[in-house]
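> Right, I'll just put the structure down here and ask away after.
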Amino acid sequence: MIIGLTGGIGSGKSTVARAFETLGAASVDADDVAREIVLPGEPALLAIKNRFGDQVIHQNGTLNRAALRDIIFKDPEQRQWLESVTHPKIRERLLQHLAQLKMQGAPYVLLVSPLLFESGQNTLVNRAVVVDVPQALQLSRTQQRDGVSESQVHAILAAQLSREQRLAQADDVIDNSGDHVSMMEQVVRLDQRYRQLLND
Ligand SMILES: CC(C)(COP(=O)(O)OP(=O)(O)OC[C@H]1O[C@@H](n2cnc3c(N)ncnc32)[C@H](O)[C@@H]1O)[C@@H](O)C(=O)NCCC(=O)NCCS
Ligand SMILES: Nc1ncnc2c1ncn2[C@@H]1O[C@H](COP(=O)(O)OP(=O)(O)OP(=O)(O)O)[C@@H](O)[C@H]1O
């Protein structure tokens, strides 16, 4: 069984995924896969360099993520172009990771992705769990974690589904506006539910 785990920027997806892992779940993270497909030598990195030039490439040949972030969250057309190059490759690589994880015998696998619904990756999963927090908390936790400006987080939020749109597509919801103990209690309940579903 594959469970999609999604939520907007800074909602706590990675934190929640780690909590599921302590209970025995396996996981693959779309943000990590998005990094793999732009490593030096990958065709996606070459396409990005051809479009945006050396301003988005570090001296050592790796992607300058901050520079690309500045460009794509200012201009929806550039973001759509980047997604048209990266999303098919991310999907392909996710499928490979999921197939490998399936062999390893975990009871269920989490596909952790900020853009589960936006990118159509939800067609790869059996259920979707949304990590939900009010927008103000997304903003403060992201700023505290990454040291980025409020306007940059707002620009990223604007490129993602709204809280309501995401919740409307959820099978399960984790309210991550409380502390870690409250989050863990919800994860334990859902883990039991997923194991029960496997036995049904
Ligand atoms: C623009 C890039 C280089 C910025 O890299 P950076 O290291 O600063 O951020 P990182 O990749 O860790 O993403 C942080 C968060 O930004 C948000 N985000 C990233 N890409 C997008 C996007 N295309 N649309 C909306 N939100 C996005 C997500 O909430 C994500 O968790 C990078 O995000 C990227 O390559 N994005 C395009 C690929 C993509 O859509 N990735 C999302 C997973 S499918
Ligand atoms: N319940 C919680 N209480 C307090 N802080 C939390 C809680 N959950 C997560 N955080 C913190 O909020 C920040 C964002 O969490 P996390 O990195 O897990 O989010 P994310 O959804 O994976 O983010 P992104 O989409 O940007 O990769 C982190 O600094 C994390 O430690």
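Placed from the backbone N, Cα and C atoms, the Cβ positions cover glycine too.
Marked as ATP binding site by TrEMBL: Gly10, Ser11, Gly12, Lys13, Ser14, Thr15.
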> Would you list, in sequence order, the residues of this chain other than Gly10, Ser11, Gly12, Lys13, Ser14, Thr15 that have their CB within 8 A of the centroid of the site's CB atoms, where the site is the one recorded for ATP?
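Result: Gly7, Val16, Val131, Arg141, Asn176.
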> Across all protein chains in the structure, which of the binding-site residues Gly10, Gly12 has the highest Cβ count within 10 Å?
Gly10
> Given the binding-site residues Ser11, Ser14, Thr15, which one is most crowded in terms of C-beta atoms within 10 angstroms?
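It comes out as Ser11.
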> Need the DSSP three-state call for Ser14 (ATP binding site) to compare against my parser.
helix
> Taking the Cβ of Lys13 (ATP binding site) as the centre, how many other Cβ atoms fall within a 10 Å radius?
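Lys13 (ATP binding site) is surrounded by 27 other Cβ atoms within 10 Å.
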